[in-house]
Every structure is written in structure tokens, then in C-alpha cells.
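Quick notes on the structure that follows.
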Amino acid sequence: MMKRQALAPLMFLSLMLAGCSGSDDAQGGPPALPVTVAKPLVKEVTEWDDYVGRFEAVDSVEVRPRASGYLQRSHFTDGQYVRAGQLLFTIDARPSQAALDQARAQLARSQATLANARTELARSETLAKSQAASQEEVESRRAAVRTGEADVAAARAAIRGSELNVGFTRVTAPISGRVSQRLVDPGNSVTADQTVLTTIVSTNPLHFTFQGSEASLLDYERQGDELEGSPVRIRLQGETDYTRNGRIDFVDNALSSGSGTIAVRAIVQNPDGKLRPGLFGQLQLAASAPRPAMMLPDTAIVTDGARRVVYVIGKKDVVQARPVQLGPVVGGLRVIRSGITEQDRVIVNGLQRARPGQPAKVEAGTIAADGKVLTPKGAAPAGKPKGDAK
């Protein structure tokens, strides 16, 4: 009994201490967790709209013979670059040459007949003066001269046609460009204007065709800009940098009723010939003039259902969630169109520890132009932002 009376005060004291400790925890709440914050990086950027398209040759020609006959020889290597007028094929010219010789002989015959007709006309005119020939005979001789002159003209035209046919046995490149493989081997018969011997595509410059969106077209019109002549930049699949530049040179006259897009074409120089028709690429079209923009790394943006939010530090270092409207990625940083201000302190590191409505232990940082987050404990402050980025 005495032991129970001695333990009672100790138990009461323990309960009092535990109650005080629990009260303190309830009043203080959970401890603030460390996060790194930084103000949005503000720099002048050009926003670009992205499109996928392919390169096409400015000129593409199917090489067909203009004379029929047997193919004698090809004068190029498959895939080589050829210049306009360069000899590609020769066709057996002997039939055409024989036709030319025959036309020349016919010209000589017609000229001889004409000379005789003129002599007969002169004789008849002399006889007619002395009443030794009738006027009817004179008119007949004159008609013979006119017929002879027509025959000579026809013979000369036949010679020109035969000369063309002889020339057509030499098949030359109609344009400069890269030739494909030969489709007909020597020894085979070819038909004028029908048989395809090979194809040639021009390589410099090239067209880049893509489908522009209706929204982008309307945006340009609202801004008062002309799409034709607008600068573009292009990269190939697997490349990270947009190293090729060009300009819009054609916009179709109507949108597709099915897709709501419009055919657009840019022209791109290709002096080294490395670009080839048919290659796919990604094109960027300037959507706006250079302007200041707020930028954050994508790692500072949280997906909340259909929304995109960032965590900012408010009064008393309490975390707040701010919905933001995103723009494109420029130079590794995401353009923020709205939702925050240039003076907001945005959590850029430690997002997994941040809870909206709860305080945080704030450490100041800086967003560098290359997208890295710098802290006083880390690297030196970020350098001066550049004017534009990829």
C-alpha cells in the first residue's frame, strides 16, 4: 500500500511532462524542409513554331530520248553530279544520218529542178515577146518555178529535221544535278519521248515543304507579318542544332478542308550537296519578334492534372502553388507566358520536399543562361544572358 502511494506522484509528474511536450509539438508543427529558390531568368528570346517536313528538289527531270533507236553507250557513273548539257547517252545515229543524207540529196534534186524551171520560164518569156509562145505557156512555166521553190524549201526543212534527229541521238542532261542509276542498258531499243533512261534532281538550292497550321497562319496575319520571306531554320533527324537557314518562298492559296493546314515551302541553300531530296527534317519558323521572356528549367514545373504549376515562396516563407501558362523551350529553358512575375521566388530544387501551405527553409539560388541552377555554395554566378538561343 505504501509503495502505491509513493509511485502515484511520479506517475502524475510523467503525465504532466508528456502533456507539455505534446502541446509544444502541436503548436510548432512539422519542421521546415530546405529548398532552393530563384527568380525567373529574363532574357530576350525569339519564340519558334516547330514543323516536320521533308526536302524536295527544286527541279526533277525524267530523262527520255527524243529519237528512237538502239542505245549504244552511257557516259556517266550512277549517282554522280552532272551539269546541264553534259552527255549522258548515245543512240545509234546511222539511221538518222542516212535520213539526213537522203534529205540533202532531195535538196540537191529540188534545186536542180528549180534551176531548170527558171531557165524554161526565161525562154518562154523571150518567145512570148515575139509572139512565138503563148501567155498560157508563160504562166505554166511560172507555176513550175513556184513549185520548184516550194520543193527546195521543203527539202531544206527536211534537212533541219534530220539534223535535229541526228543531234537527238546524243542525250544530254537538261539540268545540273545528281543523276540516278541508268534504267536502260546499252543494246536495248528505246522509243522517242517514251523510254525513261534515268532521272536527275537538282541539289542546290533545295525546297523544304511542310504543312502550316491554321492557327499559326492567323497569328501571322494578326501581327501584320507576311509569311512569305520569313526566315526559318532547319535541322535533320538526330541533330540537336539548327544549322541550316532558309526563307519561306511559297504559301499555297487555300487551306485543306480536311486537315485545316496549308502547304508551305521554304528554300534552303545546299552548297556542299549533303542534303538530299526526300530527307526528313524539323523546321522552326519565328512566331514572334525578339522580346523579353521569363524562363525556368522544366524541372521546376509540376504537373497537376491538366494544369502546370510552379511552387513559389510567399509571406513567412510559406509555399504557394501557382498555375502557369507554358511557352516553348528556348536554349534549354522553358518560356513562362503567365502565372508568375519577375520578382517571384520559385522553387527550383527540392520540389519533392515542398508542400503548398507549409513553410520551407529557403536557400537562394540563380538560374544560369544554360539552364543550370547555381547556389552560393556552388559555382560562380551565371553569366550575362545571350540574345537568342536554340
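Keep in mind that glycine also has a Cβ here, set from the backbone N, Cα and C atoms.
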### Task
Give the range, chosen from 100-127, 296-323, that TrEMBL lists as coiled coil.
100-127
### Query
Taking residues 6+ outside the coiled coil (100-127), which of them lie with a CB under 8 Å of any CB in it?
133, 137-138, 141-142, 144-145, 147-149, 151-152, 154-156, 158-159, 161-163, 165-166
#### Entry: Helix, strand and coil totals (DSSP H, G, I; E, B; other) for the domain 'Multidrug resistance protein MdtA-like C-terminal permuted SH3' (304-353)
6 helix, 30 strand, 14 coil
